[in-house]
Amino acid sequence: MGNKAILLSLTMRTIFFLIFGLVIISVLELTGATNAMKEAEKWWPYQAILANIASFIVLRYFLKREGKSYNSILHFKKKKFGKDILKGLLYLLISFPFAAIGLYGVAYLVFGTMQPPTNMMQAIPLGAAVIALILFPLSNALVELPTYFGYAFPRIEKKWGSVALAIVLPALFLSLQHGPLPIVLGGDYMTWRLLAFIPLAFVVAFLFHKTRNITPLLIAHFVMDLQMVMYVLLAALGISLA
């Protein structure tokens, strides 16, 4: 549980998003895409899925060194799962206004309109969209919050002796990781992506600090991610909401 492991747990997802975003752009470039970077935007679910797999491997390695299982950061308890589902739905209601403030409020500050960018609602082949509908919300729920709050939070609190840092650092890096997902070289867009998730991230951090139970947060997160990738599936079916 060294400082390097803590720092890597905070930064690795941003790095993985960037790496796999560049990999997808490179593959599209090699296959003859006219504008590979623009084309890669619609493949963001797979950029995230690959980053989730890589993050999972790193986390398992860190936990194995500590003699712990992956479930130790999931806090999953079968007997309490029913209550955790109800708590997750409650957290979803609590989180929604803060998610809206971030997405729409920051969009207004950056773009002058409350309409956020819609580049993550583009169509990909239907088969790929169906697979993404299953793998993205599941892998993201099992890896993203466990990285920042299941793993980093308690280790920052214990090793660095600061509850404030344990709240602030995971929340900030959770928000900032969205910058390169997808990779878009536009100052306004990147600013929006970097800032839009800060309110929600701090609410999640506060809820975890108060409850020390990540399972309900994973359930709420799963629902949010499922809703987001549904837009991709609808676009693949020819139903555009953008």
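Don't overthink the numbers, they just go from 1 along the chain as shown.
Glycine is treated like the rest: Cβ placed from N, Cα and C.
Taken verbatim from TrEMBL:
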- 12-31: transmembrane segment (TRANSMEM)
- 43-63: transmembrane segment (TRANSMEM)
- 88-111: transmembrane segment (TRANSMEM)
- 123-143: transmembrane segment (TRANSMEM)
- 129-226: domain 'CAAX prenyl protease 2/Lysostaphin resistance protein A-like' (DOMAIN)
- 163-184: transmembrane segment (TRANSMEM)
- 190-208: transmembrane segment (TRANSMEM)
- 217-239: transmembrane segment (TRANSMEM)
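For the transmembrane segment (88-111), the most Cβ-contacting stretch among 43-63, 123-143, 163-184, 190-208 is 190-208 (pairs under 8 Å). Residues in the domain 'CAAX prenyl protease 2/Lysostaphin resistance protein A-like' (129-226) partition by DSSP class (helix H, G, I; strand E, B; coil) as 81 helix, 0 strand, 17 coil.
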